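J.: Here it is, the structure, as structure tokens.
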């Protein structure tokens, strides 16, 4: 002890968490420092301001902090006009009895608690990304079964009378769970972190600007949901996830990982099991997670892409980046 771990090659975030831990600060402080670093650096364009605009071109932020000793959590979703999403989540954790605040009210809370705002979260780059997307007939997007055909054109869309799918007419089964939205680590991603401090307390934190070109009004993905984007229990361990949050949040994969480790699975077994549960229902989903237990054993699992996670623990001179190949 101590230890810090993060999704992806977000080495600077882990270094920030390391500095906090080595100075004797708590695991909660460490994950907030790490996530905040990624927000400032706009890691991969998927964290912080100026990334992942919705269909209207606006960037909003989600974040969560969970204390695995008290099992308290604080989160913000669809945060507007405030850059410091992880810090806002920490303020929810420390100063309210709630778990999740959202939208304009979350922004008002954050500013009232001393965070800078209102500020514009959009940039020339994010607005340019929206213009290019519209110029490409709004592809890809998150609509389905609407008129005009969302695979061919922009909206506005409306519903139409249902008709039997081609597979039904041919008397064969179709895969209603396949996904084809062009999801990648650059348009549908999260920093999810875990830290274990010198007192062996465990905490997790997440921060993301969500899915690129999401439908305005999509409240949150998996990032700010305890058990989905991340989960911690100081008696057992922790998990952090990334990927298609709309699918992954339906399975609470990080809660599943921690509970599987509680029942005796290794981190690798627990990670593989959680991914397999999603893959059985959504064979084309894209996602990944890391798992770590109290013994500092860690592992990762993924599906649909190659995943990397970064880890540092006492005695290591540098942050190690570990590559995880996708499951079958």
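Positions of Cβ are set from backbone N, Cα and C atoms, glycine also.
Below are the features I grabbed from TrEMBL:
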type	residues	note
ACT_SITE	190	active site, nucleophile
BINDING	218, 219, 220, 221, 222, 242, 243, 244, 245	substrate binding site
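I'd like these features described in context: how deep, what's nearby, how far apart.
T.: DSSP assigns residue 190 (active site, nucleophile) to coil, not to a helix or a strand. Counting every protein chain shown, the Cβ of residue 190 (active site, nucleophile) has 34 other Cβ atoms within 10 Å.
Sequence-distant neighbours of residue 222 (substrate binding site) (same chain, 6+ residues apart, CB-CB distance under 8 A): 190, 228, 229, 241, 245, 246, 248, 249.
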